[in-house]
Amino acid sequence: MLWISYIIAIYKDPGSPPPNFEPRPGQWRRWCKKCQNYKPERAHHCKTCKKCVLMMDHHCPWTANCVGHANTPHFLRFLLWVMYTNGQCCYYLWLRLLQYWEDRALPIYMVSKTTLTITIVLTLLSMFVEFSVGTLTLRFFYGIMFTGMSQIERWEWDRIESQHTTPRFYDKLSKNFKTIFGKDLPSSKHWAAASRVSNVERPFVDLDEIVFPYDINPWTNLINAFGYPWSWILPFGQPRGDGLTWQKDELLELDNDDISSMPWPPDLSHDDKEGNEGLRDIDIVDENNEIALRRRMVSQDQSSRMTSREEWTNGYGEGLSDFGVDVE
Ligand SMILES: [Zn+2]
Ligand SMILES: [Zn+2]
C-alpha cells in the first residue's frame, strides 16, 4: 500500500486551469505571465512544475510533484502509509534492542557488534523519520481540517496577521475595496477607538474583520479536500469539486459589501495582467534615465522590505518561494 500510494502521489497531476480560463465576477483576476492564462482562486504558479497548480499546497521534493487539488488525498494517504510502515519498523527494532538488553549477561563474543550498531542506528533513524513525517502530516492535516487552509494560505494568513496594522496593508485593502464594491472602506470602530487612546495617525484594519472564506466547518473542510469518507482508504479516492471554484462560507456571501466577503487574500493586486506594480514602475522610469531608475529601485526596496508579499517570511523563516511558488 505504501508503494501504491507513493507512486500515485508522484504521478497524479494536481490539476491546472484549462486554457483561456476566465475568473468569475468577485474573484481576483490574477494573470500568470508564464502560462499566459488567468489563475483560478487558490491556484499558484509552481516554479518547479512550470505551470499553475489548482489549490496549491506546496511543491514536494520527495514526490517531485506538486501537492494541489487533485492529489491532496493521495499525498495524505502516502504520508499516513509512511507513518504506519515506518512505525512498524520502529516497533520491531525496539523489540530487537530490548532483546539485546535482556541478553546483556551473555559473554561479549556471543553478540555481533556490527548487528548491534546497525540496529541502534536504524532505530534512531526510523524514530527521526517518524517524527519528521509526523510533524508534516499533522501540519498538513490540521491546517486543512480545522482552518480550511493549504500551507500557502496559512502562510498568507500569518502574513496578514503580522501586517494588518501597517499603512501599506490599509492602502491596498481600501483600494481593492473601492474597486470591488465601488465605495470607500468603512472606517473601523476599532480604529476610531484606538486613535483616541494612542494617537494613531493612520487607520488600520482590525484582524477580526478579516475572515478566511474557505473555512466552512471541520467536517465539510475534510470532505472538500479529501473526498467522501468511504473513499479515504481507497488508493484512488478523489476530492470533491473541480478545483476551479470553491465553496465559501455562506454568511460571508450574504455580506456582500464587507471586508470579510472580499476575495482571498484581500490585499492582492486586483488585476495583475500588466505585472506587479513595483516592476511596472521600474520599467517606466528605465525609459527616461538611469539615475531616476536607481533611485526608484532603492525606494521600492525599502518599502518592500517592510511589507512586500514576495519578501515576507513566517515564524519558520519560510517565504512563498519555499513552498515552490513562483513569485516572479
Ligand atoms: Zn502559471
Ligand atoms: Zn510543483
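Cβ atoms here come from the backbone N, Cα and C positions, even for glycine.
Unlike curated records, TrEMBL annotations are generated automatically.
Per TrEMBL, domain 'Palmitoyltransferase DHHC' is recorded for 29-157. Here TrEMBL flags 296-328 as region 'Disordered'. Annotation comment: TrEMBL describes 78-95, 115-142 as transmembrane segment.
For the domain 'Palmitoyltransferase DHHC' (29-157), residue counts in helix, strand and coil come to 79 helix, 19 strand, 31 coil, using DSSP. The list of residues near the transmembrane segment (78-95) in space but at least 6 beyond its ends in sequence, with Cβ under 8 angstroms from a Cβ of it, reads 1-2, 5-6, 8-9, 63, 119, 122-123, 126-127, 129-130, 133-134, 136-137, 140. When pLDDT is averaged over the domain 'Palmitoyltransferase DHHC' (29-157), the result is 92.
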